[in-house]
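K.L.:
Per Swiss-Prot, the features are:
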- 1-4: topological domain 'Cytoplasmic' (TOPO_DOM)
- 5-25: transmembrane segment (TRANSMEM)
- 26-41: topological domain 'Periplasmic' (TOPO_DOM)
- 42-62: transmembrane segment (TRANSMEM)
- 63-68: topological domain 'Cytoplasmic' (TOPO_DOM)
- 69-89: transmembrane segment (TRANSMEM)
- 93-113: transmembrane segment (TRANSMEM)
- 114-131: topological domain 'Cytoplasmic' (TOPO_DOM)
- 132-152: transmembrane segment (TRANSMEM)
- 153-157: topological domain 'Periplasmic' (TOPO_DOM)
- 158-178: transmembrane segment (TRANSMEM)
- 179-209: topological domain 'Cytoplasmic' (TOPO_DOM)
- 210-230: transmembrane segment (TRANSMEM)
- 231-242: topological domain 'Periplasmic' (TOPO_DOM)
- 243-263: transmembrane segment (TRANSMEM)
- 264-270: topological domain 'Cytoplasmic' (TOPO_DOM)
- 271-291: transmembrane segment (TRANSMEM)
- 292-297: topological domain 'Periplasmic' (TOPO_DOM)
- 298-318: transmembrane segment (TRANSMEM)
- 319-333: topological domain 'Cytoplasmic' (TOPO_DOM)
- 334-354: transmembrane segment (TRANSMEM)
- 355-360: topological domain 'Periplasmic' (TOPO_DOM)
- 361-381: transmembrane segment (TRANSMEM)
- 382-396: topological domain 'Cytoplasmic' (TOPO_DOM)
Amino acid sequence: MFRYLLCSFGLVLMYPTGIDMYLVGLPQIASQLGASEAQLHIAFSVYLAGMATTMLFAGSLADRIGRKPITLFGALLFALASYFAAGSQTSDLFLIARFAQGIGAGCCYVVAFAILRDVLDDKRRAKVLSMVNGVTCIIPVIAPVIGHLIMLKFPWPSLFYTMAAMGLLVFALCLLVLRETHSKAAFHTQALPGVQRESFKQGFFISRLVITTLGVTTILSYVNVSPMLIMGQMGFDRGQYSNTMAMMALVSMLASFSTPFLLNRFKEKSLILFSQGLFVAAALVFILTQLGGVSHSFNLLGFAFVCSGFSIGFGVTMSQALSPFVARAGVASSLLGIAQVCTSALYIWVMGLLEVSAINILLLILSVGALVSITLMLAVPKMSEMVVNEQIPESA
């Protein structure tokens, strides 16, 4: 079991590392490539675009040819793309390399969830996904620090050489340690009458897809508007802003690592509803600060509610979303990832076009997201027949 957890953690961590590690070198990258920092900020969107475009075919291929080949392809592509990004001489070549990096990270991210679906039952999967979420929260704090330390001695290409080394390490892990988890799944699914109901149109899957998508949109909206709220509205400087974000990452980690213990005492439904209640509490805090009822410093409490609400609910809801699928777990994971990435990007883009204020962007998704999610949780309970599909392949 340890081999699957180790490889899955490595596969998942490539995605946030590709986002956060290079940011510290952005001014130097822009200077050497003859582009403005604003122009190179599109590298973030290009990376996510690479992830989104590859997610569907990666999941489908993983269901057809197995998990391991896709992980090897994704990790190797991530390493090669990182190497070429380090050697880029123009901004166009740099953006192409970033897109390829996103493709590699997307393959690994999708298959990691499919592997966990293959080898873990419902209860253990919910716990592990919560821990994965907790580890992921560490990267936005650690990656820029590591990047800063690297750049004290070496130029900016060393950041991408480091990412290339990480890709090769994950490739070696998957090649030497990971065993195929999907090879015998087809044999089992033929004997399961529930497989005929592995439809992505079923209400249960759609409801959990919507809930996880709204959750990801909420947390990314918080990350997107946090500079305006913390440095603009609250008057913090950059150092205080960094400390605040690090503190909120710590809150997320503690909430994520506490969730497995909470699952021993409470039902999954109760935890998901509690997480939505934290979103509602965050919205109320922000409303009070905007009305002048309390100091803007209380926004920090709202941020803590947002981070802990997402951390407690996301892993559990993702586990439920994957539960009905044995033969099509890869595609299910792909659909979840695509919905989360695309909806988040679309929401933030539309709010920007409409010139909605930072606090209202966050308030809107908190309020609407919590209302919709609570309604879906109460209206679409966990299916009893899902127990049939909760078997795992013998190869795991």
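Using the three backbone atoms N, Cα and C, a Cβ is placed for every residue, glycine included.
Could you tell me the structural context for the features on the list?
P.N.:
For the topological domain 'Cytoplasmic' (1-4), same-chain residues at least 6 beyond its ends with a Cβ under 8 Å from one of its own Cβ atoms are 115-116, 119, 177-179, 181, 396.
Counting residue by residue with DSSP, the topological domain 'Cytoplasmic' (63-68) contains 5 helix, 0 strand, 1 coil.
Taken through DSSP, the topological domain 'Cytoplasmic' (114-131) splits into 16 helix, 0 strand, 2 coil.
Residues 8-9, 12-13, 15-17, 19-25, 28, 112, 116, 158-159, 162, 245-246, 249-250, 252-253, 255-257, 311, 314-315 of the same chain, all 6+ positions outside the transmembrane segment (132-152), place their C-beta atoms under 8 angstroms from a C-beta of that stretch.
Residue counts of the topological domain 'Periplasmic' (153-157) by helix, strand and coil are 1 helix, 0 strand, 4 coil (DSSP-based).
Mean model confidence of the topological domain 'Cytoplasmic' (179-209) amounts to 66 (pLDDT, 0 to 100 scale).
Remote same-chain residues near the topological domain 'Cytoplasmic' (264-270) are listed as 126, 316, 319-320, 377, 381-382 (criterion: CB distance under 8 Å, separation of at least six residues from the stretch ends).
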K.L.:
Would the transmembrane segment (158-178) and the transmembrane segment (42-62) count as touching if the test is at least 3 Cβ pairs under 8 Å, pairs 6 or more apart?
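P.N.:
Contact absent: fewer than 3 Cβ pairs fall under 8 Å.
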K.L.:
In the topological domain 'Cytoplasmic' (319-333), how many residues does DSSP call helix, how many strand, and how many coil?
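P.N.:
Helix/strand/coil tally for the topological domain 'Cytoplasmic' (319-333): 9 helix, 0 strand, 6 coil.
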K.L.:
By Cβ distance under 8 Å, which residues at least 6 away from the ends of the transmembrane segment (5-25) in the same chain are close to it?
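P.N.:
Tertiary neighbours of the transmembrane segment (5-25) are 43-44, 47, 51, 71, 74-75, 78, 82, 101-102, 104-106, 108-109, 111-112, 115-116, 128, 132, 135-136, 139-140, 143-144, 146-148, 151, 156, 159-160, 162-163, 166-167, 169-170, 173-174, 177-178.
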K.L.:
Do the transmembrane segment (361-381) and the transmembrane segment (93-113) come close, with at least three CB pairs under 8 A (pairs 6 or more apart in sequence)?
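P.N.:
When sequence-distant Cβ pairs are counted, the transmembrane segment (93-113) does not touch the transmembrane segment (361-381), since fewer than 3 lie under 8 Å.
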